[in-house]
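Annotated features in TrEMBL:
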DOMAIN    19-237  domain 'Porphobilinogen deaminase N-terminal'
DOMAIN    252-320  domain 'Porphobilinogen deaminase C-terminal'
MOD_RES   266  S-(dipyrrolylmethanemethyl)cysteine
Ligand SMILES: NCc1[nH]cc(CCC(=O)O)c1CC(=O)O
């Protein structure tokens, strides 16, 4: 290697070396990784020519601690910390994430290279025993009075309790299949999950009710897969920018700028959801609440999609200004 030239500057993606992709080991993470590799195969001839991809499963702290809320153990960064380390140590060349599990401020040296086309961003209700018939017009109508809902998400908890203060929420974590099993087993009357994860795992039929994003504001980035790389790996960054989904890129920029402006801890229930309107403008809805649903503030903004980041920051600032200060302490 000539002196002064780092490994990242050597063109290596033309087919000589296998590309190593880092992923978590859950069935959903593996599905998303294979989906990403299949997209590369179709859309990115240079990477396709490289042919060899190595999947590296990386166990994260978030996968190992299952009995507590993420909010209590250091937040969503826990799903990505070990994956960032693997990238920086050059054990992998890129990594596949659920964008909603990826912190808004990435560590120095790591960048988000591209976002893939969004799967359905909405939340869905999984019904266990003792629930009524689902009614699309009244998403919570099928839940009996006083029912216990299994969720580990303060965002979902705050919104369902604001609509139905009689319900109770109890902690449920683990991967999608584990959660479904616990609802089927009768431990909870119902649970809330991202429809995107259910669809990807072929479990869409489990979604008894799909909730409108204005009624249950999804998490920023929900349903979007994001790919991280080393910032210095210009070649890979450029190749991956070619498979960027432009709509996903615009909405995720707005949602992540919104989240970043709020700077809430993950104890703060925050929802952020953007979509493109038929005229091409961007419509962003944001939510801040208290976990028990006793305070809930929801606002929307519409503006040019080219101003996604500014719109997100503006909505975040506006919600923050009108929320009790202790929510962001
Ligand atoms: N925090 C876990 C997680 N991260 C991504 C998804 C689903 C897929 C997605 O939202 O992209 C899920 C499960 C869930 O929230 O139901």
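Quick reminder: no glycine exception, Cβ is built from N, Cα and C everywhere.
Predicted-model confidence for the domain 'Porphobilinogen deaminase C-terminal' (252-320) is 95, expressed as mean pLDDT.
In the domain 'Porphobilinogen deaminase C-terminal' (252-320), helix, strand and coil residues by DSSP number 27 helix, 25 strand, 17 coil.
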